[in-house]
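As recorded in TrEMBL:
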DOMAIN    341-397  domain 'MIR'
DOMAIN    410-466  domain 'MIR'
DOMAIN    471-528  domain 'MIR'
REGION    1-35  region 'Disordered'
TRANSMEM  59-77  transmembrane segment
TRANSMEM  119-137  transmembrane segment
TRANSMEM  149-170  transmembrane segment
TRANSMEM  201-220  transmembrane segment
TRANSMEM  232-258  transmembrane segment
TRANSMEM  265-282  transmembrane segment
TRANSMEM  288-312  transmembrane segment
TRANSMEM  603-625  transmembrane segment
Amino acid sequence: ATQRRGKMPPATGGGLAESELRPRRGRCGPQAARAAGRDVAAEAVARSPKRPAWGSRRFEAVGWWALLALVTLLSFATRFHRLDEPPHICWDETHFGKMGSYYINRTFFFDVHPPLGKMLIGLAGYLSGYDGTFLFQKPGDKYEHHSYMGMRGFCAFLGSWLVPFAYLTVLDLSKSLSAALLTAALLTFDTGCLTLSQYILLDPILMFFIMAAMLSMVKYNSCADRPFSAPWWFWLSLTGVSLAGALGVKFVGLFIILQVGLNTIADLWYLFGDLSLSLVTVGKHLTARVLCLIVLPLALYTATFAVHFMVLSKSGPGDGFFSSAFQARLSGNNLHNASIPEHLAYGSVITVKNLRMAIGYLHSHRHLYPEGIGARQQQVTTYLHKDYNNLWIIKKHNTNSDPLDPSFPVEFVRHGDIIRLEHKETSRNLHSHYHEAPMTRKHYQVTGYGINGTGDSNDFWRIEVVNRKFGNRIKVLRSRIRFIHLVTGCVLGSSGKVLPKWGWEQLEVTCTPYLKETLNSIWNVEDHINPKLPNISLDVLQPSFPEILLESHMVMIRGNSGLKPKDNEFTSKPWHWPINYQGLRFSGVNDTDFRVYLLGNPVVWWLNLLSIALYLLSGSIIAVAMQRGARLPAEVAGQVLWALPPLTWRQQGTCTPGEGRLPADGPSFAFTTPHLPLSFAFER
């Protein structure tokens, strides 16, 4: 207790100061070199008053910087070598180069990845003189006079930093110059990493942020003995910035977030167990990590989407993937600056859009289902494009009177009403029955039936607003609605399956007996025409930024889950890549073309696999030996002790977690670990 209150005599010479009672995982700055011993005894020797000469330290610093410069120079030289070849589109440049053009032209598009990587590619192209006019149609198309080197150069620039980042990370973790140089050499001469860094791709940008996050995490760990110092805050904040960058390029960045998260949890757990720290200090550590590793990355990640939506303000090929309310904010879209009635009323002419990505509008045409495909009635499908055959008239189920007659008052459609939907172009009602759907088993067929709006009870549907009470009005664009068939009890939806040529390769509409709410069966009203109602500007119905942000993530998640290989498309198995089983052709179809083939360096990749296997094997052997009470060599024992959770010291020489300090008196000190068959001696 006396020692905990700080009444212990101050340590002298190379002894441990009070702030260093808990073993740290590293040191910051010049202290790192003095903490490179293999065990605690070696560290005590390193702390002796004897210091190297000033000239020797200066020589070591010059050598350190010279090696770092050499590693960086080799990395840049290999990545920028023949960067302009081939002068045509290679592999996924057709996608990410095109998306860079969209940013330059401010044209809205959809992609399954977050926007940061494509935004940076577009910015690099803009700053290097590219005007965004190249079409990026297919691999092999010549760039000709278009400026593409700025975008390739930007990706190569970020990819070149992977080698020095890895060098510094390994050097800080191992304190071994030879290990760091080996790491740099393996990455420098790995053909797979090199190839990915030379083209307009997201991979070098993603790897840059992942490696930057790893290096920053290791650096702020090494500053553990100087918490809340300027270097500690710098590396902690830079870790948060890098995490935002990794996640902002691809969702694969979640893996480095998991790595940093586990490291942070372990670090806080150790701090919580250090009884020399007050709870207030532990709270400060927790607050600092929450601010730098959660709040800061989320703010930056959200900011990238804000810039994304602000820049892409024009209607483009991505409109159809988003809701009608989202489309209303895009200039050039037919909903932009439009004025329509706000609430749905009987007699209105409407279009109904499915909320699932890339499904489209409820559609019908005069063609009938072929013989043998359910009832031979008029086809009902979904169609992605604007068309007059998307128009429907909403009517009451029990009357044929014209609701638009001036003598009738306006009557609004409400949640729970029974309605009919009459196809405007053919005057047939939306209809379902117990015949099986053409493509999806156990779903019912949906057809157009009747003459001039006169049909039967299978034309009746109950309209429901998701998560609303009965009697609520239905809003255009904003209300999420379902159509429940009154006779069969099934729900109108789209399976997303493409119909054969008899269905014009449009998408199948079915009535599903499974009532679970899915986006396939949820719709919203987009176009709305009713001369008896006042129009309002759609600006008041546009979604807020949080709603846009949430919708964009839902669309990206659905897009990722829906990614499937196309017919006859080359695919690989997950186990192919770690063993370098096969590569990927980037460019070149015949012998006359400039051919680029992505394949990892076999020496590097197989050596990597061998190293992992040896690490697991040696770790297992050591664990078994320790469990059986074997005495480990001094070097191995020192490494094991350094990897243990924080330990404290007792005068008697026994090491137990939880309390006590290293005694300051006495010429020597010995202790054993009760949970490991190890013993150590220290001298002051």
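Easy rule for this one: first residue shown is 1, then count along the chain.
Keep in mind that glycine also has a Cβ here, set from the backbone N, Cα and C atoms.
Curation plays no part in TrEMBL annotations; they are all automatic predictions.
Counting residues of the domain 'MIR' (471-528) by DSSP class, helix then strand then coil, yields 6 helix, 27 strand, 25 coil.
Beyond the transmembrane segment (119-137), the same-chain residues lying 6 or more positions past its ends with a Cβ under 8 Å from any Cβ of the stretch are 89, 93-105, 143, 146-151, 153-155, 200, 205, 304, 307-308, 311.
Count of Cβ pairs under 8 Å against the transmembrane segment (149-170): among 59-77, 201-220, 232-258, 603-625, the largest is for 201-220. In this chain, the transmembrane segment (201-220) lies out of contact with the transmembrane segment (288-312); the count of Cβ pairs under 8 Å, excluding pairs fewer than 6 apart in sequence, is fewer than 3.
Long-range neighbours of the transmembrane segment (603-625) within the same chain, counting only residues 6 or more positions beyond its ends whose Cβ lies under 8 Å from a Cβ of the stretch, are 186, 189-190, 192, 578-580, 632, 636, 640.
Sequence-distant neighbours of the transmembrane segment (232-258) (same chain, 6+ residues past either end, Cβ-Cβ under 8 Å): 28, 113-117, 202, 205-206, 208-210, 212-214, 216-217, 219-220, 223, 226, 288-289, 292-294, 296-301, 304, 556, 560.
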